[in-house]
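Peer 1: When I checked TrEMBL for this same protein, it listed these features:
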type	residues	note
BINDING	A:THR101, A:SER102, A:ASP203, A:HIS206, A:TYR228, A:TRP258	pyridoxal 5'-phosphate binding site
MOD_RES	A:LYS229	N6-(pyridoxal phosphate)lysine
2 protein chains.
Amino acid sequence: MPATPLTRAACAELDAADPLAGFRDEFALPEGVVYLDGNSLGALPKATPGRVAELIEKEWGHGLIGSWNDAGWWDKPRTLGAKLAPLVGAAPHEVVVGDGTSANLFKTLVAALRLNPDRRMVVGEAGNFSTDLYITQGVVELFEGAGQRLVDPDDTDGLEAALAPGDAAVVLLSHVDYRTGALRDMAAVTELAHRHGALVVWDLCHSVGALPIELSGCGADFAVGCTYKYLNAGPGAPAFTYAAERHHATARQPLTGWHGHARPFDFTGDYEPAQGADRFLSGSQPLIAAAALEASLELWGRADLKLVREKSLALTDLFIELTAPAGLELVTPREAGRRGSQVSLRHPDGYAMVQALIARGVIGDFRAPDVLRFGFTPLYLRHVDVHDAATALTEIVRTGEWRDPRFAERARVT
Amino acid sequence: MPATPLTRAACAELDAADPLAGFRDEFALPEGVVYLDGNSLGALPKATPGRVAELIEKEWGHGLIGSWNDAGWWDKPRTLGAKLAPLVGAAPHEVVVGDGTSANLFKTLVAALRLNPDRRMVVGEAGNFSTDLYITQGVVELFEGAGQRLVDPDDTDGLEAALAPGDAAVVLLSHVDYRTGALRDMAAVTELAHRHGALVVWDLCHSVGALPIELSGCGADFAVGCTYKYLNAGPGAPAFTYAAERHHATARQPLTGWHGHARPFDFTGDYEPAQGADRFLSGSQPLIAAAALEASLELWGRADLKLVREKSLALTDLFIELTAPAGLELVTPREAGRRGSQVSLRHPDGYAMVQALIARGVIGDFRAPDVLRFGFTPLYLRHVDVHDAATALTEIVRTGEWRDPRFAERARVT
């Protein structure tokens, strides 16, 4: 672990030497805000409004229906997928953009169950984000004899025990735990699952854009992820699906819309899946939203993920060190290799503490029942921002500022 | 049928007296273009770029994560659904906006099969848009013993014969045929299906915004539709789902993502559907695209659908009359009550004729193998536009202008 700089001046020196420092100016950040919620909704790239306006006014308004050909609209799920592929360690033709994470989980889980027809169990994680659990319930209900077995994926023995019966068709795990920030060993877990005859679906929502990912290198089967967190594509932006090339000819997903057809413009009566990852497509995609993703992927195409990961670990280390005096329980693994790009702290009054921080212009979030969650986005966060945020949290806890009744009032969406 | 005005001057007089004339100025239409493809991709409302920019720069860029509460993002599927409801004759709480038409067909068909568990047959139409046929195939594959029986819905006896065996769980029909423009009798077909114990899912893609729709009045069970055709919400804009209130407590769709949960922010491990049409929601929606829908629904909230229907019939009548000398076969029903808002003509060289028209600034489209398709959007089309388009087509056919080899070259997306 590097020596942690504890003064603001030392932080400013690190910022001056930061090879990623130039990216900050490419984001439209509100004045006086330290934004530590980019793991939930990434900040707005300055290039995005212009790209979206171009699509709306030029491609749609002027080009009208012709833009399906002339502006490359029809191929956007593939061209955007190819641009996203390097961020997840995939070949360009293994990723398509479209639909939401929930729908893509549904498609990949059904495909995995069909590729492993003698097995009916989905091994999931008890603490996974709720939509992963719910979608799995929706899937297993459609297959006779199917079920969900929940484990703690950070307990390797427990995971192996869940696979030992030999009935697991597929393992669905989040690469980074949305609550704790724990990073799973993709290579080891994938190898373990394969050794026990199960396929693996990785949920990359909390890791894509936060660290280098090697789906192909790890032998992963399928993956899904969103683009509105670290990838900065805007609220509810289109999600993506990764399908390893070896499954392209045989994977069959159930949302068999016309965009996934081998020859969509033949308008044949019978569904025949396309010969690639695009068999995971269904229908038309919201292209105005896709234009925002296009703008942010252009930016990500210039970012070195190794530098992103190094800075992410430096920022999270710094925050952990600087907030230690506050005395909150650290939930996130202290070991760098087991940590994503967030720091989670635990306190029964965490909700009010997060509200008090927001009142000071430091935006983090809260996850029930007691987790204060802070995301670190190396493209637009500086070491001095982390210093200021940590100082604010420490002061809020020390002074009891969070006890003000106005900080107890719960918002509907947390 | 009204007397058809055949001179351009008479058309200009009709435009001067048109109560919908003021809407044309609310659209950004390219100079020198007569756009007869609004049934495929509606034109751009002038208010849209501003509303989208507001969402991006103010709500996302400045409001950041707080906009899930402060800008009403979380409720958009419901608030937009409520604004759309009057266009389909539904109560505000019976419509939600989200996902695409294909996904929503999947959800409603599965829900219908589950509501009718002793029956396994889906009655569809042989000539339906391909995604309706493909999604049905994807659905029936998930239910043992299920199948698809295809009929011609414009043949009432044939439809009744398909229902007679008593094994039909659900009937899926397009309200307006995308190729012929034939309008189906929603009340009569729904009554017929119910009499035979089947539920009905209506695909409204080619009727919503083209004519008044009375889902509740007709006793429909479910409906889906897109918003990028007559509703002008932009390429690939979010679709919608209608679920009749009587099914809210019992309908179970399979894409059980967290946005359809009764208490999504409790993050419970078990899926429990919301108590309304929002149980048809799955995950986060692309809010940048939803902002464009918001702008166009504001405009539609001021449009009288009875006037829209009257003008639609007048424009389609006019086009049929004026293009009669061209001698192409009329595919669309001549009877007003059986016609949507498009006119389809048939010719073996239809593709080249459509290209020759586009070269003259008249944009229609072509549907294989031989259909020239022209959509009429009463909010931004004038009688003189229809006159000019019909004149162009008649001249192109008379002079053989379409035989120029450059008009034979096929675009990838048709």
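Just so it is clear, glycine is given a Cβ too, placed from its N, Cα and C backbone atoms.
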Peer 1: Have a look around A:TYR228 (pyridoxal 5'-phosphate binding site) and count the other CB atoms within 10 A of its CB, chains all included.
Peer 2: 26
Peer 1: What count of other C-beta atoms do you get within 10 angstroms of the C-beta of A:HIS206 (pyridoxal 5'-phosphate binding site), across all chains shown?
Peer 2: 27
Peer 1: For the recorded positions A:ASP203, A:HIS206, A:LYS229, A:TRP258, which ones lie near chain B, with a CB less than 8 A from one of its CB atoms?
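Peer 2: Correct list, in sequence order: A:TRP258.
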Peer 1: Fill in the CA-CA distance, A:TRP258 (pyridoxal 5'-phosphate binding site) to the residue listed as 'N6-(pyridoxal phosphate)lysine', as an integer in Å.
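Peer 2: Per the Cα atoms, A:TRP258 (pyridoxal 5'-phosphate binding site) and the residue listed as 'N6-(pyridoxal phosphate)lysine' stand 29 Å apart.
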Peer 1: To the nearest Å, how far is the Cα of the residue listed as 'N6-(pyridoxal phosphate)lysine' from the Cα of A:HIS206 (pyridoxal 5'-phosphate binding site)?
Peer 2: 7
Peer 1: Taking the Cβ of the residue listed as 'N6-(pyridoxal phosphate)lysine' as the centre, how many other Cβ atoms fall within a 10 Å radius?
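Peer 2: Counting Cβ neighbours of the residue listed as 'N6-(pyridoxal phosphate)lysine' within 10 Å gives 26.
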Peer 1: So, in DSSP terms, is A:ASP203 (pyridoxal 5'-phosphate binding site) helix, strand, or coil?
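Peer 2: Assignment for A:ASP203 (pyridoxal 5'-phosphate binding site) reads strand.
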Peer 1: Restricting to the record's pyridoxal 5'-phosphate-binding residues (A:THR101, A:SER102, A:ASP203, A:HIS206, A:TYR228, A:TRP258), give me the longest CA-CA distance in Å as a whole number.
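Peer 2: Output for pyridoxal 5'-phosphate binders A:THR101, A:SER102, A:ASP203, A:HIS206, A:TYR228, A:TRP258: max Cα distance 30 Å.
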Peer 1: Sequence gap of 6 or more, Cβ distance under 8 Å: name the residues on the same chain that satisfy this around A:THR101 (pyridoxal 5'-phosphate binding site), in order along the sequence.
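Peer 2: Result: A:THR131, A:ASP203, A:CYS205, A:VAL224, A:GLY225, A:CYS226, A:ALA239.
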Peer 1: Measuring CB to CB from A:SER102 (pyridoxal 5'-phosphate binding site), give everything in the same chain under 8 Å that is also at least six residues away in sequence.
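Peer 2: Those within reach of A:SER102 (pyridoxal 5'-phosphate binding site), by Cβ under 8 Å and sequence separation of 6 or more, are A:THR131, A:TYR134, A:ILE135.
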Peer 1: So which one is it: of the binding-site residues A:ASP203, A:TRP258, which has the fewest other Cβ atoms within 10 Å?
Peer 2: A:TRP258
